[in-house]
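Lifted from TrEMBL, the feature list:
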DOMAIN    A:494-600  domain 'TMC'
TRANSMEM  A:224-251  transmembrane segment
TRANSMEM  A:325-345  transmembrane segment
TRANSMEM  A:405-426  transmembrane segment
TRANSMEM  A:446-469  transmembrane segment
TRANSMEM  A:506-528  transmembrane segment
TRANSMEM  A:556-581  transmembrane segment
TRANSMEM  A:602-627  transmembrane segment
TRANSMEM  A:677-694  transmembrane segment
């Protein structure tokens, strides 16, 4: 009775709202369940041995009446209250009222769904999966005729109509009519089936590359086969697209070439590579298609084709074909259909392949499911055996490492080196690409380069963050195993230290590679370009790239500060050294940039880049770690907690217990910090403020443009006023003065003309 | 079992048959599968079933078929489809075997027969000795006995749900249903 006292004790300690605690008193639910299941659940536990080869199928099928009568004592109607109480105290029944109700509801719903399914369960079939035609109903009494009819059917199936006929002759006349009807049905049915199978096998052999795919799967297995199957799928998509476009666009347009066809360039071989030249003015490209409705010619009554008839009584029916509409709809509809097909096949394969993740089922699954039965070549089979052997060994045993500790530690540097190499080489590639692309303004190319480099670095960081933080969600299996094997964290399962070390390595590698890049990219390149290429000018200092590298390094530091608090010291040393190295290199090797550089705008951009992707990303990663991820149990300041955030909660609780004066503090904490409503409200207010400011800035910009216009207008005003003044002054002046002035002017003119 | 499909270039036709067999279930009207069966033992298998003969091709001839020859489970496969359990297949059994092995067979059917194949001592449970034999066949006995023991114990630990130390069909099916690659 130990468990009853335990249960009662548990029930008293905790509130009923705490669903993690056991609850007894489940008897009504168990009664309901046992009624709805027809008692089959109780029977599943009993072993049904010795029923021959059908047993696995038999075991799961609903019980037949005879068995139920035999095992009547186990039906729940016969149970005493004591038994019921014992049953209700079983571990599987004491899971809590809420959970139990959910499970029983789910179970009932599943049973209803199963009963509703029209197709009979595979378990109910007899051992052969072949459907029997014996089930055809006969008009006369079934019992007497069935056996004979069945025999005759079977004889017919066994290719011998003669035997069937003899059997038929032996039958009684009153059955003969029934059987003859049946036979007519049968032969018709057989005939249909025969032709249907013939068609099926013919269609199957028509499948593209069927033989080739079998060869591939026979030698290399299903994995490699999936690539080729995917290729075939893509081919079919393209075939569909081509057919649709040819029939609805190319053919109608080709049948009615545009009237104002320009002279086409003669065919040279290069068109096959460039796609231009001769191909420019053909149905291959958009430009050829007219934007009018072509009038197709229907079939003429006298077969004379399309006559350009002057009279309105045209005997040829015309088929107007609107080319622009056809173009639009063809492309749109083909995309739509492709989309539907893709989504459908994606959902189907997702449904097939998605399984609830079970990290514990690895070994069993590997054992039963890793053998690829498609492989039949001897060498491939041997390879598979070895492969499975190695996998088994890996899963169960720890691979004994013969390498020394130094090798082990050095291998940790592999990932940072690779990442830094990628960060170094890719900008060079982007520069080469940008050199080929021609931009209108030089600033555009600078912006594009910045964008590309930024995307590269952020995506690298994103992937790394997912790798470090994401794997810890699933129980940090891989990380802890590596940690244990490397032995670098003293054998403890301390993934935070590992991540901190990784970030330290990344930071350092980044620094080393930057220095190397400075030496080789600037110093050596300068020597090379001056001595070998004989260029007069030194290489240019690439500001954008260097700033982005600084931002990247800073992001790493921000990411790592949670796991390694002293990482900023490393960053400080790195920046100081970098300063001096870059300055020296600059003085020696580079020249001032020839492109104009708008310093203040660029500074804004760099600070924005530092804030937005860099700091925000790091903050999000750190917040996520603090809020969600379970800290490791063996080390660190949060080792006994579920999340790092809980430490705050615990402190608040402690404060409350220690000193009741601080209860307002806990009240604040409970209702403001923990309550998501407050956070949403705060975020909403922030967004409103941002919006308000942007509107203010927008308004100010409009005012600036208005004022600019006003200044222009004022300039115009000045001119206008001066001319008006002049006019008025001219009108007001006495006539004689004007005349004298004119005379003086004419004299001056005659004087100059004489000279 | 990533795919219980026996295919190769030479058996392209046979596969067609087993495809149509798996899809509809009645291939007796198609003589090509029977031709393959007949080729195994021309002296034994009659072309005419008028007298309803009860002939069975012995197991030795069947496991020499190219689709099965390299398969480590060939004897078990043939045995689980034979009616008496000794591996001699009548034509019905032969057709059943290729039906289930084809790509079109339903997953539940394949699971049932897979369970039978792995059940070496035919007691309708996969016990530890069955697992050991399976593993030895899979790895061609390259694992040491301690490793084999460890693997089998772990498998039972992982897959056994009702705790009786062996895998019943329900346990097996539950585990197989989690594997997306099974039989596809």
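Glycine residues also receive a Cβ, built from the backbone N, Cα and C atoms like all the rest.
Taking H, G and I as helix, E and B as strand and the rest as coil, DSSP gives the domain 'TMC' (A:494-600) the counts 81 helix, 2 strand, 24 coil. Averaged across the domain 'TMC' (A:494-600), pLDDT in this predicted model comes to 82. Each of A:224-251, A:556-581, A:602-627, A:677-694 was scored by its Cβ pairs under 8 Å to the transmembrane segment (A:446-469), and the highest score goes to A:602-627. The stretch in closest packing with the transmembrane segment (A:405-426), judged by the count of Cβ pairs under 8 Å and taken from A:325-345, A:506-528, A:556-581, A:602-627, A:677-694, is A:506-528.
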